[in-house]
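**Q** Got a structure here, written out as structure tokens. Questions coming.
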Amino acid sequence: MLVLFVATWSDLGLCKKRPKPGGWNTGGSRYPGQSSPGGNRYPPQSGGWGQPHGGGWGQPHGGGWGQPHGGGWGQPHGGGWGQGGGTHNQWNKPSKPKTNMKHMAGAAAAGAVVGGLGGYMLGSAMSRPLIHFGNDYEDRYYRENMYRYPNQVYYRPVDQYSNQNNFVHDCVNITIKQHTVTTTTKGENFTETDVKIMERVVEQMCITQYEKESQAYYQRGSSMVLFSSPPVILLISFL
């Protein structure tokens, strides 16, 4: 009885120590150059090198390089680069263009930007200037027809011009052009006298607009310098 017990115990120990088939360096997947009943297993059957489940190189589940779940490069769940689920965290979106706050402030203080005129603004209504043209006929003509001439001018921000003359020249041209086109479409025409008088009137209004815009521009610049000085910044930080 004792001998039978010892023999049975020995058989159980040998069964536990016996290696399982299919492990490293077994007949199921040997290193290249080692013969095996299954033939050369390099690369292993049913997948490429390092393919546990039939995927490509380094593909645990059939995805691409470094793809745990079938997404693209660096895609944990099938989204784009840097996309956790393809719906957010898209850091590579182009950033929105920044708005020039200086020009916005200038436009708000001066007038509305006119659509379709390439950034020109329309100034506030003015009283038509009192002008003497050097002869009684033109003086009288102006007094009788001044309502036909513009009382607002078109202009660009003053910081886009190197001097007053350039500002005024551009202001006069665009204002007369727009006023002439608008008035002509209503069936009203201008004579040579009208054009001559209108040029003088609009020029004076553009000079007034330039002086107004220049003053506002330098005031805004002074305010920005004041608030950007270190003592003011320090004071604001304690408020």
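Glycine is treated like the rest: Cβ placed from N, Cα and C.
Pasting the feature list from Swiss-Prot:
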- His61, Gly62, Gly63: Cu(2+) 2 binding site (BINDING)
- His69, Gly70, Gly71: Cu(2+) 3 binding site (BINDING)
- Cys171-Cys206: disulfide bond (DISULFID)
- Asn173: N-linked glycosylation site (CARBOHYD)
- Asn189: N-linked glycosylation site (CARBOHYD)
- 15-98: region 'Disordered' (REGION)
- 16-222: region 'Interaction with GRB2, ERI3 and SYN1' (REGION)
- 44-83: region '5 X 8 AA tandem repeats of P-H-G-G-G-W-G-Q' (REGION)
- 44-51: repeat '1' (REPEAT)
- 52-59: repeat '2' (REPEAT)
- 60-67: repeat '3' (REPEAT)
- 68-75: repeat '4' (REPEAT)
- 76-83: repeat '5' (REPEAT)
- 1-15: signal peptide (SIGNAL)
**Q** Look up Cys206 (disulfide bond) in the DSSP assignment and report helix, strand or coil.
**A** helix
**Q** Counting other Cβ atoms within 10 Å of each Cβ, which of the glycosylation sites Asn173, Asn189 scores lowest?
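**A** Among the glycosylation sites Asn173, Asn189, the lowest count of other Cβ atoms within 10 Å belongs to Asn189.
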**Q** Between the Cα atoms of Cys171 (disulfide bond) and Asn189 (N-linked glycosylation site), what distance do you get, rounded to the nearest Å?
**A** 22
**Q** On average, what pLDDT score does this prediction assign to the region 'Interaction with GRB2, ERI3 and SYN1' (16-222)?
**A** 70
**Q** How big is the gap, in Å, between the Cα of Asn173 (N-linked glycosylation site) and that of Cys206 (disulfide bond), rounded to a whole number?
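**A** Each residue's Cα considered, Asn173 (N-linked glycosylation site) and Cys206 (disulfide bond) end up 10 Å apart.
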**Q** Suppose we draw a 10 Å sphere around the Cβ of Cys171 (disulfide bond). How many other Cβ atoms does it contain, all chains included?
**A** 24
**Q** Using DSSP reduced to three states, classify Cys171 (disulfide bond) as helix, strand or coil.
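**A** Going by the DSSP assignment, Cys171 (disulfide bond) falls within a helical segment, counted as helix.
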**Q** Rounded to the nearest angstrom, how far is the Cα of Cys206 (disulfide bond) from the Cα of Asn189 (N-linked glycosylation site)?
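**A** Here the two Cα atoms are 23 Å apart.
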**Q** Cys206 (disulfide bond) has how many other Cβ neighbours within 10 Å of its own Cβ?
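**A** Within a 10 Å radius of the Cβ of Cys206 (disulfide bond) lie 24 other Cβ atoms.
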